[in-house]
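Now, the feature entries from TrEMBL:
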type	residues	note
BINDING	G98, V99, G100, E180, E181	S-adenosyl-L-methionine binding site
INTRAMEM	13-33	intramembrane segment
TOPO_DOM	1-12	topological domain 'Lumenal'
TOPO_DOM	34-45	topological domain 'Lumenal'
TOPO_DOM	67-93	topological domain 'Cytoplasmic'
TOPO_DOM	115-157	topological domain 'Lumenal'
TOPO_DOM	179-199	topological domain 'Cytoplasmic'
TRANSMEM	12-29	transmembrane segment
TRANSMEM	87-111	transmembrane segment
TRANSMEM	150-179	transmembrane segment
Amino acid sequence: MTWLLGYVDPLDSSFVAAVLAIAFNPLYWNVVARWEHRTRKLSRAFGSPHLACYALGGSILLLNLLRSHCFTRAMLRQPSVEGLDQPAAYSLGLALLGVGSVFVLSSFFALGFTGTFLGDYFGILKEARVTTFPFNILDNPMYWGSTANYLGWAIMHASPTGLLLTAVVALTYVVAVLYEEPFTTEIYRQKASRPRRRS
């Protein structure tokens, strides 16, 4: 990690913007989703929990586009490493990008839109935990797939800045998981403890 800092200017405005974008996204969706779970104000404003969840999901997608733009801009404004600028490294980066995309897309298809974008905080609960691919391979595959995408993108650009920002992405997701999982588990515990309605 120390050698990376020799190639990275952490005070560069594009680097600071990328770090802020990376850190802000999970903070935003967790704060908004917990506020919705507590107050149901978004659901009331949009007229239904599904519409409110779609609105939150749309805003998260836009923020993710901004994060990727900031990440790429920070990479391109700082030097690359000649040792990484090799066909083998480029192929490795491309492979990571491919694997990451498979995890992200397959997670989305397994969970659906509301499952992906915190529908459980809106009261849109799944009947059971999703255990199909890629959730039978690893926990939180969308987060780690996204991390693999950024790592692959950084390697393809031979960018120490990209590698350092990928570490920030991974750390942010670790914190997000530690914050989200107990809350989500409690939501489903409460669901399981409610008496079932007779048909």
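From the backbone N, Cα and C atoms, a Cβ is placed for every residue, glycine too.
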Per the Cβ under 8 Å criterion, with at least 6 residues separating them from its ends, the transmembrane segment (12-29) contacts 56, 59-60, 63-64, 66-67, 70-71, 73-74, 77-78, 117-118, 161, 165, 168-169, 172-173, 175-176, 179
Long-range Cβ list for G98 (S-adenosyl-L-methionine binding site), cut-off under 8 Å, min separation 6+ in sequence, same chain only, gives G152
Within 10 A of the CB of V99 (S-adenosyl-L-methionine binding site), the number of other CB atoms across every chain shown is 15
In the same chain, residues at least 6 away from the ends of the topological domain 'Lumenal' (34-45) whose Cβ sits under 8 Å of its Cβ atoms read 52, 55-56, 121-123, 183, 187
Here the 10 Å Cβ neighbour count for G100 (S-adenosyl-L-methionine binding site) comes out at 22
Min neighbour Cβ count (10 Å) across binding-site residues E180, E181 flags E181
DSSP puts the residues of the topological domain 'Lumenal' (34-45) at 11 helix, 0 strand, 1 coil
